[in-house]
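Reviewing the structure listed below.
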Amino acid sequence: QDGPQRKKRKSEVGEVDKQLDILAIGTAVGSILLYSTVKGELQSKLDGGHDSRVNCVRWHQDNCCLYSCSDDKHIVEWNTQTCKVKCKWKGDTSSVTCLCISPDGKMLLSAGRTIKLWDLETKEVYRHFTGHATSVSSLMFTTVKPMNESKPFDGITGLYFLSGAIHDRLLSVWYIRSDRKEKNAVMSFTVTDEPTFVDLTVSEVKEEPVKLAVVCRDGQLHLFEHILNGYCKKPLTSNCTIQIATPGNDGDSTPKPVPILAAAFCTDKQSLLLVYGNTLQPIIEKVSLNTSESHICLVRDIQKVLSLKTDAALTKVKTPVVNSDTKVLVPGIPGHSTAVKTPALGKEKKKNKRKPGETEESIEERLGALDIDVSKVKTPGGLPQTDSFAVLLVQGLESNDAEILNKVLNTRKENIVKNTVARMPIHAVIPLLHELTKRLQGNPYSASVMVRWLKSVFTLHASYLSTLPDLIPQLGMLYQLMESRVKTLQKLSRLHGRLFILVTQVAASQTVQDVPEVNQTAKLVYEDDSSEEEGSDDEMIADKDSDENWDEDEEKEEQSDEQDMTVEKEINGDSDLEPENESEEE
C-alpha cells in the first residue's frame, strides 16, 4: 500500500512465476494499470469498469482475477488475461473505499461506511455490519480458522476481521456469526491518531495471539498483542509504542522526531520492517521487537543518510545586480517605488539589534528612508482603501476571523463592494460564497447586505464559476436557500398588502380621534320676530330716534303714492273716495 490515495497490491507468494511481478495500480480517472516490476514497463491497462476514482485493488487467490472498487459505488471483477470486466455490481449507496477477500477466496468484504460481506458466486450480501461514521480505509481478516473447532467450518463463520477508518482513532474487530443478530464490533483497539498503515500476523491456532502494527498520522507506531476470544467492552491500548528521533547533536541540541511511514511483520512474526524518513527517499530497516517496554524511542541520524542538495540550493537568496538609476516597485502599497541599493563589497551585514544608547526609529522615518511619501500612505478619514479591503477579506476567510469578516462584509457602499470583489484573488471566491450563504441564513438585516456581495460576485466572477466542475454541489445550499425565499415572496407580498391596508385604516381612525373638538357655542345670535306682540318695549325705546326718521321717509312715500292713485282713479272715473278708507290706507 502506497498511501490512501493510490493502492498497490502485489500478488501472493504462491502464485505462478509468470505473474509474480505484476503490480496493479488504481488511478484517479477510473482505469487500472498492470505494471511489470521485472520488465520495468506497463504491461496492460484495464478500462471500462469504473467512471470515477479507483479506491482499492485486491488480487484474488486465482491469479487471473482482480477486484476493484470506486467512488462510482460499484465493485468490478476483472479478468486480467483478457483485460475485460467479468462482473460488475453496485456495492453501496455511497462510494466503496475498501475491499478484502476471505482466506478461502469465496467471500469478499467491501466497505464504504457500512461493511458488507458478499458471496462471490451469487454476488449477494451474506452479512451486514454497522461499520464506522467515516469512510473505511483498511479491512483485513485476522484469523484463518474459527476458535471454536467443535462445529464444522464452512469457510467464513467464526472468523474475525479488522477495520479502520479515516479520522477515527479506534480500530474495530468484527466477528462473523452463523446468525444475523449481532452487527456491532466485538472489540476495538485505540491509537493516538488516525491510522495510515496497518499490518498484522494472522492467528492460525486457537491460543496464538494476533499481533497488530498500526502506523498513525502523527508518525508513531503502536504494537498490540491480543488473543481473540469473544466480546471485550473496553478499547484495548497498545502494548508498545515506537518512535524515531534524531540524536540532537552537531549544533542542534533538540532532537527532532522522524515520522514512521509504514511497518510490516517479517515471516518470523518477531521482527519488524520499519519504513521512515522522507517519502522521496525512505529508509527501510529491520528491527527486532522487545515488547517488555511500553515505549521505545529509536535514535537515528537521518541527516547523514539523506543529503538532498535541492534544499540547500533553495534556501540561498541571491541579490540581483542592478543599476543605481533603476527603481523597483515594492508590493503592498500601489503607486510607490523604491531604489534598490546594491550592497557594498567588504562591508559586514548590518544586524538588527540596537545598542543600549540608541533610540528606535519611528515608522515615519523608516518610510522616509524607503523613499515613500507618507502622506500618500495615510488614507483620508482613516478608512481602509479597496485594496486593503480585499486583503482583509482574504485574511478573514483563511483564518475564519469573524471580527475581520464583519468589518468588511457590513459595508453598504456599492462601489467599495464591487471594487473589493474585483480585486480579490480567484481562489477566495468559493470560500466567500460559503461565508455569504452562512450569513444569509441569519439575521434578515444582514441578509439584505449580503445580497449586494452576492450580486457582485456573480456579476464579476461568472466566467470563473462556470468553469468549476463541482459548481452544483458547491452552490447547492445557496440555490435551495434562494428557492425557499422566492417561494414565500408571493405569500409575503399578499400579507404585506393586507397589513398595509389595515395599518393605514387604523392610523386614519386614530387621526380622526385625535382632532380637538370645536366649540359650538355662537358668539353672535340674530333673532327674527314675526308678530308685533312679541316685540318688547325696551327695543322700541332704544330705537325711537331711528324709527322717527324712518316714519318721516315713509310718510313722504305714502303721499307720492296717494297722488299716483288719485290720478289713476280720475282716469277710471272714481274720484270720490270715502274719508274712512283714506285714513285706513294712511
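Glycine residues also receive a Cβ, built from the backbone N, Cα and C atoms like all the rest.
TrEMBL has this to say about the protein:
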type: COMPBIAS; residues: 527-565; note: compositional bias 'Acidic residues'
type: COMPBIAS; residues: 573-586; note: compositional bias 'Acidic residues'
type: DOMAIN; residues: 400-501; note: domain 'Small-subunit processome Utp12'
type: REGION; residues: 525-586; note: region 'Disordered'
type: REPEAT; residues: 47-82; note: repeat 'WD'
Query raised in the report: How does the model score the domain 'Small-subunit processome Utp12' (400-501) in terms of mean pLDDT?
Result: 86
Requested in this report: Please spell out the DSSP helix, strand and coil residue counts for the repeat 'WD' (47-82).
Outcome: 0 helix, 18 strand, 18 coil
Requested in this report: Would you mind splitting the domain 'Small-subunit processome Utp12' (400-501) into helix, strand and coil residue counts from DSSP?
Outcome: 85 helix, 0 strand, 17 coil
